[in-house]
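Structure record follows, encoded as structure tokens.
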Amino acid sequence: MNNAKVRIYDLSKELNLENRDILDICERLNVAAKSHSSTISESDAERIKAAAEKFTPQQPKKPRVASRPESKEDKSDPKQQKILAIHHKQEKSGGPSPARPTPPPRPKLQAPKAPTPPQPPVAKASAPKIQKQEEPAQEAPKSVAPPTQPLAPPPVPSLQSPPSKPAPPTPPAKKAAPAPRLAGPPGRTASPNKTAVPAPAKPKVNRPEIVSLKDNRGQARSPGDREEKVAIAAPEPPKPKVELRRPKPPRPEEDENLPELLEFPPLSRGKGVDGDNDADDGDLLSTEKPKPKLKRPTPPRLGKPDQWEDDEDEKANKAKAANKGKRRPKMDDDDDDLDIDGDNGPKPTLVSLSIARPPKPKSLAAKPSTPTVAKVKKPTLKSEAGSSAGGSSRSRGDRRDRKEVVQKPEVIMLDRSLTVRDLADLLKISETDIIKRLFLKGVAVQITQTLDEETARMVAESFEVAVETPERVAAAAKTTEMLDEADLDNLVRRPPVVTIMGHVDHGKTTLLDSIRKTKVAQGEAGGITQHIGAYHVEVEHNDKTEQIVFLDTPGHEAFTAMRARGAKVTDIAILVVAADDGVQPQTKEAISHAKAAGVPLIVAINKVDKPEANPDRIKQELSELGLLAEEWGGDTIMVPVSALNGDNLDGLLEMILLVSEVEELVANPNRQAKGTVIEANLDRTRGPVATLLIQNGTLRVGDAIVVGAVYGKIRAMIDDRGDKVEEASPSFAVEILGLGDVPAAGDEFEVFTNEKDARLQAEARAMEDRQTRLQQAMSSRKVTLSSISAQAQEGELKELNIILKADVQGSLGAILGSLEQLPQGEVQIRVLLASPGEVTETDVDLAAASGAIIIGFNTTLASGARQAADQEGVDIREYDIIYKLLDDIQGAMEGLLDPEEIESSLGTAEVRAVFPVGRGNIAGCYVQSGKIIRNRNLRVRRGDQVLFEGNIDSLKRIKEDVREVNAGYECGIGCSKFNDWKEGDIIEAYEMTMKRRTLAT
């Protein structure tokens, strides 16, 4: 021992003693040592060595020898002895069933409570162990497997047995003599027989397992258990060993190793394996003689048990830190092995020791018994449940498959673009099937990619599912009924809402100005209307003042949505047609909007004061569109007017009022307001502003309103003449302030009495709108990732980034719709931002980062925006007429196109002579047309065959080099790469020029 500190287990190896013996000596010498891994000083080690010389010859050698015959591990020895003692007691109690093995050991155990008698039974028990050890030693795993298998099949009986088994330990505790202890556990008679036979085989296989199990239970065991283990080891050797057992108090230190064995036997008893009983009994009877064989090989195994003990002690320390429950499943198997080993050990001594610790085994045995039984059951249940669950899951999957096949729809409705996942859900098939089907057709898609209606239809039809497309609802169709059943009792007449529609420059706004006696048209940029105007007019009719609300819609083709929106909310439509221009495309569109909205139509033939006016031609053209004038036998009212001179305006107003009376226009003013957004914009000083048309109810300042997905509380209302009003009745249009955001034109609004409900409704709608926008954005992308990469490699991918700011929401939608109509095959338009309001510095920053141009329509620049744009080099274009805006954007797109290289002919010449010069030849030519220019391209033709294409390297007239030769002159043409000139050849001179391409080409 050269080290300053010496470990207990090193000392035990040096002295050839067991760790527990060294610990006993330490305790007697008052040396502080808790476990085999504890360290002591060299002086203490010398004291222990001196004491060990007196102490060791009896205890350490004998327990080791005993452990060797019973099991190859020392740990198994004490376990076997204790178990044997307990099992013998059980054998006595349970003698009737296993009569053969039990009677011989019983008298020996009872009479010699002293250690001497236990030795003969040990020999008998060990004999059967020898047979099993010899046979299963070769097939150790097999011997282990059979006990575990029987445990699994009878989980229920095992549950019943454990409760009875914990009870028996109590009676042995009460009895002081070892014999009564044997009588105590009678219910375990079956298990002792089993354990006695398998004990020899299991110690070999389970030694490592027993170690781990001991470690787990050794932590919870009490010092009494250690005493029992020591007692077990002593009885097997001669009587002096029993005398050594007297120092039981010091043995509590051995608890770490020994108590584990004691705990396991009760647990195993509780488990009791019925299947092993009969076989074990037979083995015991037949194999009593081979015990000496087992004892003989034990001496060479001395080294191994020490190592095993050390390992067990180390594992025990680790087990203390770990959770006991985790290793309990292993303990179940080890418990059975321990029971088997215990049958062979000296039962009387074990019984006496176990009696001293009865209360602890109860709690310990009771607690582990339940988990052990449960653990035995759990694997079986899990395996059974797993198989059953697997079968059930498979059956469920089969059912699902069957259901899917059965539920596969025969017809589906496609009204929009769908993602692959949505289409799969609709068709009740797997997404991978759709992806495979498209891949086979040469279309590579992802599960989240959006498919257009045509592709979705193709996929559905390929799966033999019919596709139906719902009827398209016209944009002008009225989809919402503003009147409720509750309004029927409070209905009153309301003014008619009249929408003026027609082709651009046919005089719509001028007609309205004449009626209102205002000058609106003069204020319009370019003299054309570019957003809806709402005005109310008071008219004298039948000695009463009647009110009419007019909506003026744009006539330009870009404002189709505005015209549809106007027709949707109108009661009467006035179609203005210029008498000198006739029916135009927007005239036809206005007629279709009026028919879709189902509103009566009045035709105002304008500009009848012009000399070239021809009202009859207008009536003829309208009749071809299904509008037959009343004077021609039809039902369409046609009124000739002159907006500029005010001719026959009264007749037009009278017809409007007559039609409104026939239509019976009513509303309930005594309810919360409902209506439609005519226009919306972002004002730099007032914030979001919306023009609302009240179609039912009364709108008041302070109302909580939800416009589409926008919530707001009305702060102010302004009528068409700029005056503030406190309330607005049905059919009136007002501007409101106080919205949280700019709503979309055409959205319907509703007033709520509770602000909380209004906010919740707005949030829900905002979420729906967001999903719709995302889907539209995905479906509207004309460039996919695959096409982008392909075009980028070919240098064909070009994009024009635009930031669009407009005065009102309606104009914004019109411009975006017009941009979509532009050809975008080679140049894509990317609208990074489109919003109403003025151009801000934030817009400039976005444009600078993305290389976009800013387009402002009827809007202004915020303070600092112009300076920021100049600093960042951002181009800001301002427009007030949509024609110019669209033309400039188209020009910008064409500017991104690569110019086209075309061939431009210069002239032709005929070869009339060939002159050899040096190594080559010179063609003497006569210029027939155009001119020949040096360093331009030429093409040599001989008959219908092209012989050569190259450059004109030299051009001479007479002997002087010239740059060009005009028609009618002779010249010499030389080409370094062509000398095969012949008279009669035709030389064509041309050059390649770059021409700007257009979007159409």
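From the backbone N, Cα and C atoms, a Cβ is placed for every residue, glycine too.
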Where Swiss-Prot places region 'G1' among the ranges 502-509, 614-621: 502-509
Region 'G3' range according to Swiss-Prot, out of 552-555, 584-587, 720-723, 768-771: 552-555
For Val608 (GTP binding site), the number of other Cβ atoms found within 10 Å of its own Cβ: 21
Confidence summary (mean pLDDT) of the region 'G1' (502-509): 73
The region 'G1' (502-509): DSSP-derived helix, strand, coil residue counts: 2 helix, 1 strand, 5 coil
